[in-house]
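S.K.: The domain 'Cytochrome b/b6 N-terminal region profile' annotation in TrEMBL covers 1-210. Per TrEMBL, the feature transmembrane segment maps to 37-58, 109-133, 139-158, 179-200, 230-247, 289-305, 325-344. Residues annotated as heme b b562 binding site in TrEMBL: HIS84, HIS183. The heme b b566 binding site annotation in TrEMBL covers HIS98, HIS197. The annotation ubiquinone binding site is assigned in TrEMBL to HIS202. As annotated by TrEMBL, domain 'Cytochrome b/b6 C-terminal region profile' applies to 211-381.
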Amino acid sequence: MMYAPRRSNKILNAVAGSFYDLPCPVNLNMWWNFGSMLGVVLVVQILSGLIMACHYTPHESLAFSSVVHIMHDVHEGWMFRSIHSNGATFFFICIYAHMGRGLYYHSFVLHKTWMVGVTMYLMVMIIAFLGYVLPWGQMSYWGATVITNLFSAIPYIGHEITQWIWGGYTVCDATLKRFYVLHMYLPFVLGGLALVHLYYLHDSGSNNPLGVDDGGDLISFHPYYSHKDFLGILIMVGALLLVVLFVPDMFGSPENFIPANPYKTPIHIQPEWYFLFAYTILRSVPNKGGGVAALAASVLVLYLLPFRPKYFHLGLAFYPLSQVYFWVFVASFMMLTFIGMRPVQEPYQLMGQISSLVYFSYYPLHSFLERMWDLMLSYMQFSLSSQSDGGVGQGGENYDGSVDLRWGEF
């Protein structure tokens, strides 16, 4: 018998149980690859960030020049900075694909896994915002001013919270230092949450595209899915390197090549593209407090999905109307992102309000559409059985229009 260290060593055995020998459904498709991609990008972001932290100076008078120093004087510094800044873009591309797959295939029925995942998403947004401020360019400074000012909409204590975050009466050197420290340490907390996320996923098992019970029809993660994930990682790394080496500033703002100036406001202030959908929702509401509430709800609504009713099928594979509405929801997300790059004027204001309405309507309406589809199928099934039984349904009872739509725990 061949010697297998992972069987005899307790540590390797635990790792093998989570990755190497992990039982997986046989029908997972490419949409299940993005989790491993996120893990790789997280490691790349942490390593490139640690290298740049050795040369960065968190001071309002030196931060911008220290970034220039990294680009010009540090050996391969331009590449590390480009990897780090563009890596954030690829990180969010993978996140949104990962979350979209979860919405489409109803991964939120795995309650603990989903809750930890949404918490990780919130933390990633915080980390990305903190990092966007560090170059201390015009868009960084004014973006920090606008976003942190949103806390002032909290009744009674909003202004005190805002000044506490700033460390003064405006965005200043104390703000930069606080953001730098948090941006350095929070990624390690994120890594810990990723391990918790994996633990709950492996404890409950993974969903599958058809949403059916695998019934023990499982295969090991290696070699079947490890090779598949490796191919996806290679494609993603190749795309990242193409951006880094040929168009490193494609996702950057030209305003951020200008040092921060508190006395000169940019013509149009906007965050990075991965925040634009929430930014558009914020400015689509005329009232400041209502806009902040809508902004928070656009993300926090994800916490409510595990509590929605369960229906006949897990996922949208057998719900054609819900599939159409899901892609309408995706289109509204993209439209919100596009409108966030436009000035606050017509027709973009009206388009943003309509897209925001479509975005929020998806969460209750997709559940309603699934309910109606299940009722229709139940009625058709009853009608067919009634015809074969002489007009009487199963059990000799007439159909009363109700049906039990509960299904077993996943």
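Each position is counted from 1, following the chain as shown.
Quick reminder: no glycine exception, Cβ is built from N, Cα and C everywhere.
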S.K.: For the C-alpha pair, I'd like the distance in angstrom between HIS197 (heme b b566 binding site) and HIS84 (heme b b562 binding site), rounded off.
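M.R.: The Cα atom of HIS197 (heme b b566 binding site) is 24 Å away from the Cα atom of HIS84 (heme b b562 binding site).
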S.K.: Which residues of the same chain, at least 6 positions away in sequence, have a Cβ lying under 8 Å from the Cβ of HIS98 (heme b b566 binding site)?
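M.R.: Looking at Cβ-Cβ distances below 8 Å from HIS98 (heme b b566 binding site), excluding near sequence neighbours, one finds PHE34, GLY35, LEU38.
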S.K.: With pairs closer than 6 in sequence left out, are the transmembrane segment (179-200) and the transmembrane segment (37-58) joined by 3 or more CB pairs under 8 Å?
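M.R.: When sequence-distant Cβ pairs are counted, the transmembrane segment (179-200) touches the transmembrane segment (37-58), since at least 3 lie under 8 Å.
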S.K.: Same chain only, please: residues at least 6 beyond the ends of the transmembrane segment (109-133) with a C-beta under 8 Å from a C-beta of the stretch. Say none if there are none.
M.R.: 49, 88, 91-92, 95, 99, 102, 140-141, 143-144, 147, 175-176, 179-180, 182-183, 186-187, 189-190, 193-194, 196-197, 200-201, 203-204, 207, 271-272, 274-275, 299, 302-303, 305-306, 310, 314, 410
S.K.: Give the nonlocal contacts of the transmembrane segment (139-158) in its own chain as ranges (CB under 8 Å, at least six residues past its ends).
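M.R.: Residues packing against the transmembrane segment (139-158) from afar: 129, 132-133, 165-166, 170-171, 175, 179, 253, 255-256, 260-262, 265-266, 269-271, 282, 288-289, 291-292, 295.
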S.K.: Between the binding-site residues HIS84, HIS183, HIS197, HIS202, where is the Cβ count within 10 Å the lowest?
M.R.: HIS202
S.K.: Report the mean pLDDT of the predicted model across the domain 'Cytochrome b/b6 N-terminal region profile' (1-210), rounded to a whole number.
M.R.: 90
S.K.: How many Å separate the Cα atoms of HIS183 (heme b b562 binding site) and HIS202 (ubiquinone binding site)?
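M.R.: About 29 Å separates the two Cα atoms.
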S.K.: Rounded to the nearest angstrom, how far is the Cα of HIS84 (heme b b562 binding site) from the Cα of HIS202 (ubiquinone binding site)?
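M.R.: Between the alpha carbons of HIS202 (ubiquinone binding site) and HIS84 (heme b b562 binding site) there are 30 Å.
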S.K.: Determine, from DSSP, whether HIS98 (heme b b566 binding site) sits in helix, strand or coil.
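M.R.: DSSP assigns HIS98 (heme b b566 binding site) to helix.
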